[in-house]
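Features as listed in TrEMBL:
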REGION    27-59  region 'Disordered'
REPEAT    126-165  repeat 'WD'
REPEAT    166-206  repeat 'WD'
REPEAT    207-246  repeat 'WD'
REPEAT    247-286  repeat 'WD'
REPEAT    287-326  repeat 'WD'
REPEAT    327-366  repeat 'WD'
REGION    438-462  region 'Disordered'
Amino acid sequence: PFTAHPVDPASGARTFGGLQRRLTASNGHATESAPGLPRTLSGEWLPPTSFSRRRRTRPVSYRSQFKQKYMVESAWTKGGRCTQRHITPDQGVVTSLHLTPKYIVVALDNAKIHVYDTNGDNQKTLQGHVMGVWAMVPWDDILVSGGCDREVRVWNMATGAGIHLLRGHTSTVRCLKMSDRNTAISGSRDTTLRIWDLATGTCRNVLVGHQASVRCLAIHGDLVVSGSYDTTARIWSISQGRCLRTLSGHFSQIYAIAFDGRRIATGSLDTSVRIWDPHSGQCHAILQGHTSLVGQLQMRDDTLVTGGSDGSVRVWSLTKMAPIHRLAAHDNSVTSLQFDKTRIVSGGSDGRVKVWNLQTGQLLRELSTPAEAVWRVAFEDEKAVIMASRSNRTVMEVWSFSPPPEDYDDTAIGSALSTPGISSVDDRELAVPTRRRTLCSVPPPQIPLGNDSDALMPDAPS
């Protein structure tokens, strides 16, 4: 169709390269001649969209790919744009956030789960839990959630409908993982893990062994590793439904765990991080440096990044079992942490979101303006989602670092490479305050050490 063509100021007719369109009243088809425009083999005129410079079907050249990557990296450093700032009707605390290729999913301690598209639009609210939602995990259109009502619920995020209500736990469900589309594993304050068949809505196995609350889970293949307030981690076989090894060594509760198939990392209230061999169950290293609870862990290749309630983010080499960077990231606890091959994004209870260079440890920028608290941050290559508290309201910000589609064309590559960054918003919107710190009017509450209750602990990860 001929759309969005410029209008000739003299005649008021739409034009395209001097072409004036005359549409018949009967069928709306174009009847004009179009000198100079290409024809099909049948003699019909080709529409402008088929030969415009923005051909979306042509292969993307190496130069275009290079330019796009350059512009995305520049946007992460200096540009980007906040494409959505959504003030939710909730005053609850965000306990979990997931950014998937199709959805932004937010769980809160007020029993609600909000599902958005990746632009932050088309909200659905999944209602069924009657108490705070403390854990959730998505898989394509499927979402599994659990919370203080002791129930595990399975949802279809495309329709917002509930699929299964899974009962069996006798206390709060604190963590959830999925090993495949039909298998979910839940950990609870009742000290057990349960393996659920999502196709039938039944419990396959109950894994018993921990002596206190199961706080965190990590999965690789057929193995699930659980971290507990009993100071141990356990390796379980999902298919066999039994414990293979117990990892003992921490002196206090385990709050975070990561597992890549070769190594297991555990973070504890005893301020240490331990690296374990999943095959032998032996502790390979004790990484010390944090001065408070280590509540955030992520492993990628041979790099481990940790975040603590001491406000620091630390980068470790898993080949040398030694620190690489110590980042004085936040004034209070690190509440959210994620990294990829180039950058680290951290959020803190001091209300700030910071972007760091993974290789150098350099602070690249503060993303958004300071809030009262940052609950969760999630990102992918060209998008980031921030859940924060502003004026006692829960606010979702969606940031885009994608270049405009028209800038992918090779003809503009020279101008792109000469531009240090891109920005599609007013500079005042992206302005970051100076290093002078502003104090919250209400100081964030401290972590009740060793408290195994359902009470919200803002400084500790959900």
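Yeah, the Cβs are placed from backbone N, Cα and C, and that goes for glycine too.
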Residue list, the repeat 'WD' (207-246) vs rest of chain: Cβ under 8 Å, 6 or more residues beyond ends.
171, 174-179, 183, 185, 187-189, 191-195, 252-261, 264, 266, 268, 276, 278, 281, 450, 452
So, by DSSP, how many helix, strand and coil residues make up the repeat 'WD' (287-326)?
0 helix, 25 strand, 15 coil
How many helix, strand and coil residues does the repeat 'WD' (126-165) contain under DSSP?
0 helix, 24 strand, 16 coil
Can you work out the mean pLDDT of the predicted model over the repeat 'WD' (287-326)?
97
Taking DSSP states H, G and I as helix and E and B as strand, how many residues of the repeat 'WD' (166-206) are helix, strand and coil?
0 helix, 25 strand, 16 coil
